[in-house]
């Protein structure tokens, strides 16, 4: 028997399962679990080793080696997932007060018996070990998504949450996950995780891990982050030792499952974070294969910034009798705290206009600017150009090694390099609270990505500015963009309005203007070690910042 902080003893498990709980009566399981069939053994054969994807499209073949699971719910060990007990203050509110609170915070709820929102942390009914950590982080009150999302997730129901990026949704599912874990049997050797969180990018996965690590400390909850682009060894070690929480990108998780490095038979709390983005990136087949390996009576929480038909279909297929909360408009809309400036330009004007904006933005040394490009090549070329012109810019995209990406993100977060150039794939995982400006050097492929990009600024109640270069090549998107700008009461460039009237075809051939040449492949050394050419380019003599 070994003691773990937080006022309870962690029992070694004999023939019966013991609850991890015991902090605060409300969440203790107390039923005991018969050791009988258990979770152990058995799983090994469930995961074939799969012969890889030789000669075919690797992405489409991912998961081909996973065996179909036949779930007999009668023989599976029972588990606890309903923990919510309504606070007397919440119960005492009239229906009218509840409706007024929801209206004030732009909440729309759907589904059967949706619990009422909570207005402060104490009303959520979290155990003290969770509450004290929340308060230690300095949060004053729950965000809108947390007010409604916590009672929903703690109730054990399947949940859909739609809210803008930066709304606090990570804690909305992380804190109930900790409560859920503490009510489950301890892991036995060979057991997989209890909580699985799927995310679209490495950066977002790491950000989620940071959050859950803070709040899981007092319960000694172990977690690991499983994503591509780094060696598998440390991830395999973590999984083999046993973790209660696995945060993963779909591709690398399937690799681990096919190789028999872990299994999902113990997963009873599944989170799909940024579901819309995962589908945009083509992960739907992998998500479906992963979910097929998880017991069907699990609790599933799906979080998304938008609610397109593809995400609705995923919810219909994998969630049971779900309840839904939407913060803000159900239509595609931008954060109203962001000032949106759209300039109709030609490709060859972009460079000079970018410099003019940066000169103004960087007058305030506390500002941070995130620049989005359409391709990795353009990201590198712009970064090289800016550095040679004396601007402290660094780039981040999918081709860069994880070590370099982490270094770039840290340089940006700390303000050492206040200009970061990124592609869409990197954008969703970037969680930097104090980005003041977003500059869309290239307009994205769709309006959802535009919303996500500009949502990197104006987070946590702050104001932000988004500057967008729009060319005739983008004219097919003009109507959607004008709709977004109009809804947010933004000024509209007359040339953009004109495009809506005459749109239908794209513009000219839309080359990259002065950026047409191929970037060099030089190695070079940056301050953080050996990095790719653009980030290693020396800063020009005429320092601009």
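For all residues, glycine too, the Cβ spot is worked out from N, Cα and C.
Checked against Swiss-Prot, the range among 61-89, 90-118, 119-147 recorded as motif 'Q motif' is 119-147. Among the residue ranges 273-276, 277-280, 281-284, 285-288, the one that Swiss-Prot annotates as motif 'DEAD box' is 273-276. Highlighted in sequence order, 143, 145, 305 have their Cβ within 8 Å of the centre of the Cβ atoms of 163, 164, 165, 166, 167, 168, 169, 170, the residues recorded for ATP, and are not part of that set. Sequence-distant contacts (6 or more apart, same chain, Cβ under 8 Å) of residue 169 (ATP binding site) comprise 145, 149, 161, 163, 273, 303.
For residue 170 (ATP binding site), the number of other Cβ atoms no farther than 10 Å from its own Cβ, over all displayed protein chains, is 22. As a whole-number mean, the pLDDT of the domain 'Helicase C-terminal' (353-500) in this prediction is 91. Within 10 Å of its Cβ, the residue among the binding-site residues 166, 168 with the fewest other Cβ atoms is 168.
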